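Chemist: Structure below; questions to follow.
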Amino acid sequence: MSFLKHLHVAYRLQPICPIEGRFGARGQAEFPLRALQFKRGLLHEFQKGNTSKEQVHLHDLVQQLPKAIIIGVRKGGTRALLEMLNLHPAVVKASQEIHFFDNDENYAKGIEWYRKKMPFSYPQQITIEKSPAYFITEEVPERIYKMNSSIKLLIIVREPTTRAISDYTQVLEGKERKNKTYYKFEKLAIDPNTCEVNTKYKAVRTSIYTKHLERWLKYFPIEQFHIVDGDRLITEPLPELQLVEKFLNLPPRISQYNLYFNATRGFYCLRFNIIFNKCLAGSKGRIHPEVDPSVITKLRKFFHPFNQKFYQITGRTLNWP
Ligand code: A3P
């Protein structure tokens, strides 16, 4: 029996996922069950090399350029956002960060190279990729504009000082893995000569969201962006995801059933159906080092005017300190 036949039988015998069950007649017409089967099983099998390209072609599957991109921000919760959106039957994620627009070597390979990096999907589904470096890389807005001037752009942000510390924690972990020593966060974030915030430190610069956004606004109107509150995505993911569904003009399909709090991980995890659950990798949700409170205060004061500008431009107030 072919793999596809196996899959079909398996899906008929096993209980149906509640989000599929809630599809009315209209929903089914929009997202055929076989698309769901592909998303939930065949895609993984294909990626693992368990089924051939020929079989996939039989099902009219195509590799589509993304209709929406999570452009950043690094450590904002970009992976969690992508994985959670992928719960939606009409969304297909590009699993890897592709780094097409921010990497000159990749960009030189051309748009067909990029398209071939995309997952297989049905024409009525939308592909989403995430590469957080896009947000801060000078050339990217123009390059994305040239591909698709009406693309939807998602930016997930966290309180800027927390994000900077998270960024530092990731770099620190990399150094420790290589048995290298590294500076303390305080030393990097504060210029020892002036005692002012060190704006040359990348983790600080990345958190000045408004500066980066302003570059993007030279190419795209603000209506093409949606801001996701990364702090709320951690504590209360569903309402944030529902706002994204609306922004992407998708019918609401992600429900509380799809998200459950895992006390051991201390984060929400994903439930596709009664069989498939997953939490994000352990590299998401690291314990941050303790940082001198006076440095935190200084950073928060520094970010404050930039945050105000960010709220004003985006129309989303996040009440950061
Ligand atoms: P920390 O490691 O600082 O806690 P990114 O994917 O952009 O690198 O972001 C990583 C951050 O995603 C983590 O930062 C974590 O707080 C956040 N996050 C949000 N929702 C999460 C979830 N459900 N599981 C794990 N991490 C999550």
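In case you wondered, yes, glycine gets a Cβ from its N, Cα and C as well.
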Chemist: Among SER149, SER150, SER166, which residue shares the 3'-phosphoadenylyl sulfate site with LYS75, GLY76, GLY77, THR78, ARG79, ARG158, TYR268, LYS284, GLY285, ARG286, ILE287, HIS288 according to TrEMBL?
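Modeler: Of the residues offered, the record points to SER166.
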Chemist: Provide the three-state secondary structure of CYS269 (disulfide bond) computed with DSSP.
Modeler: strand
Chemist: Return the maximum Cα to Cα distance in Å (whole number) over the record's 3'-phosphoadenylyl sulfate-binding residues: LYS75, GLY76, GLY77, THR78, ARG79, ARG158, SER166, TYR268, LYS284, GLY285, ARG286, ILE287, HIS288.
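Modeler: So the binding residues stretch over 19 Å, Cα to Cα.
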Chemist: In whole Å, how far does the CA atom of SER166 (3'-phosphoadenylyl sulfate binding site) lie from that of LYS75 (active site, for sulfotransferase activity)?
Modeler: 6
Chemist: CYS269 (disulfide bond) has how many other Cβ neighbours within 10 Å of its own Cβ?
Modeler: 17
Chemist: Should ARG79 (3'-phosphoadenylyl sulfate binding site) be counted as helix, strand, or coil on the basis of DSSP?
Modeler: helix
